[in-house]
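Feature list (source: Swiss-Prot):
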{"type": "BINDING", "residues": "77-90, 281-293", "note": "NAD(+) binding site"}
{"type": "BINDING", "residues": "Arg97, Arg107, Arg135, Asp224", "note": "substrate binding site"}
{"type": "SITE", "residues": "Tyr142", "note": "site 'Important for catalysis'"}
{"type": "SITE", "residues": "Lys192", "note": "site 'Important for catalysis'"}
{"type": "BINDING", "residues": "Asp224, Asp248, Asp252", "note": "Mg(2+) binding site"}
Amino acid sequence: MKKYKIAVLKGDGIGPEIVEQALRVLDKIGEIYGVEFEYREGLIGGEAIDKTGDPLPEETLKICKESDAILLGAVGGPKWDNLPTDKRPEKGLLRIRKELDLYANLRPAKVWDALISSSPLKEEVVKGTDMIVIRELTSGIYYGEPRGIFEENGKRYAINTMKYTEDEIRRIVRKGFEIARKRRKKLTSVDKANVLEVSALWRQIVEEEKENYPDVELEHLYIDNCAMQLVRRPTSFDVIVTGNIFGDILSDEAGVVVGSLGMLPSASIGDRYALYEPVHGSAPDIAGKGIANPIATILSAAMMLKYSFNMDKAHDLIEKAIEETLNQGYRTPDIYSEGCIKVGTKEITDKILENLERLKDAYT
C-alpha cells in the first residue's frame, strides 16, 4: 500500500473545522484507491503565537520538511492585528513559502453550473469557465532591491526594482507548460514586453521553452489586454502563467469572475515541496458555528492528490462529487440561494462523501 505523509496545519478561525472535513475526504479517497495518508499536525499563525510566541515554530517547519505535502487551513485574525509586523500570524505562512522555496502559486478558477448566478458576469459569458492562474511567487518587484522611500533636495522619491533571473523565469514557465499539458494543452503567457525589459526576457524564455512542449498551444498577451479578456471571454483561458505582480492581480480577478470565494482552492509549489490551502481567510466571526464552507479546502486537498501524488482520477472524482452535491441543491450559508437546502460544514461534507461512494466506480 502506498503511503504519503501530509503535514496538517489547521491554523486559526475556521481553519480547524474546514481542514477536519478535508481529512475526512482524504480518508475516503485512501479507502477507495488503497492509499494510506499519515497526518502530522503542526502549529502555525495566531494559534502558534499564543502557544509558542512564534507564528512558525521550528517543530512545524521540521514536520513540513519531513512530509510529502502540506495542507493548511487559514491564518490570522483581529486578535493578533496589533502585534509587530514580523510577529503576525501571516509571517508564518510567508516564512514557509520562503524556507521551502514554493515559487509557483496555482489558483484555479472554475465556474460551477449550480453556482453560475454567483458570478457578476452574464451566464452566457461565464458558463464553462475553467482556468488556472500560475503566478511566480518568490521574486519580481515585491522582492527586488534597491527599494525604499528616500529624500533628495527636500523632495521625497521612491524606488522599487523588478528583477528576474533567467533561472527564475524558466522554472515557472516550465511549470506552466507542464500543467497545461495535463489539462487542455493551452498556455497563455502574460507580460508587458512592449515596455519592460524584464518582460522582454520573460517572453524570450517562454519561446525557448516552447520547443520542449510542441503539443501545447502558446499565446502571449500583454497584462492590460489579458485583464480585459478575462472578463470578455473567460472560457478561452486554460492555463495562464505570469510574474509576481501581474499574477497577484489576475488571480484575484479570475476569482471574482467565478464569484464564490468559498469555492476557491490554491497551491504553492516548489520542486520538492508543495502547500495547499483555500483562498479565503480565517473568518473568525463564524468560527466554531459549524457553518463554514469546507469546499475550497476539500478542493485544495484534491489539488494535492493531482499535483503532489499524481492521483489525477482521485482529483477528478472529488470535483465530480462536489458538482453532484451542488446539483442536488446543498449549500452552506455563504453560497445559499432561495430554493436550495441550507446545511453546515459537516453536513455538506457528508453529502460529498456519499457522492464519492456512489461515483467511485467511474473513476477507478
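Each Cβ is built from the backbone N, Cα and C atoms, and glycine gets one as well.
Feature annotations (Swiss-Prot) mapped to structure.
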residue	record	Cβ within 10 Å
Gly77	NAD(+) binding site	21
Asp81	NAD(+) binding site	10
Thr85	NAD(+) binding site	7
Arg107	substrate binding site	22
Arg135	substrate binding site	26
Tyr142	site 'Important for catalysis'	15
Asp224	substrate binding site	11
Asp248	Mg(2+) binding site	19
Asp252	Mg(2+) binding site	15
Ala283	NAD(+) binding site	21
Proximal residue to Gly77 (NAD(+) binding site) among recorded positions Arg135, Lys192, Asp224, Asp252 (C-alpha distance): Asp252
Nearest-integer angstrom distance between the alpha carbons (Cα) of Pro89 (NAD(+) binding site) and Arg135 (substrate binding site): 23
Tyr142 (site 'Important for catalysis') versus Thr85 (NAD(+) binding site) - Cα distance in angstrom: 16
Cα-to-Cα gap, Lys192 (site 'Important for catalysis') vs Asp248 (Mg(2+) binding site), nearest whole Å: 15
Recorded positions clustered about Arg107 (substrate binding site) [Cα within 10 Å; pool: Asp81, Tyr142, Ala283, Ala287, Ile291]: none
Cβ-centroid neighbourhood (8 Å) of the Mg(2+) site, Asp224, Asp248, Asp252 excluded: Ile223, Ala227, Ile245, Phe246, Gly247, Ile249, Leu250, Ser251, Glu253
Nearest of the binding-site residues (Asp81, Arg97, Ile291) to Tyr142 (site 'Important for catalysis') - Cα to Cα: Arg97
Those binding-site residues, out of Asp81, Arg135, Asp224, Ala283, Ile291, that come within 10 angstroms of Asp248 (Mg(2+) binding site) at the Cα: Arg135
Residue pair Ala283 (NAD(+) binding site), Asp252 (Mg(2+) binding site) - Cα distance, angstrom, rounded: 18
Nearest recorded site to Arg135 (substrate binding site) by CA-CA distance, among binding-site residues Asp81, Asp252, Ala287: Asp252
Long-range Cβ environment of Arg97 (substrate binding site), under 8 Å and at least 6 residues apart: Leu137, Thr138, Ser268, Leu275
Protein Cβ atoms within 10 Å of Ala287 (NAD(+) binding site), excluding its own: 18
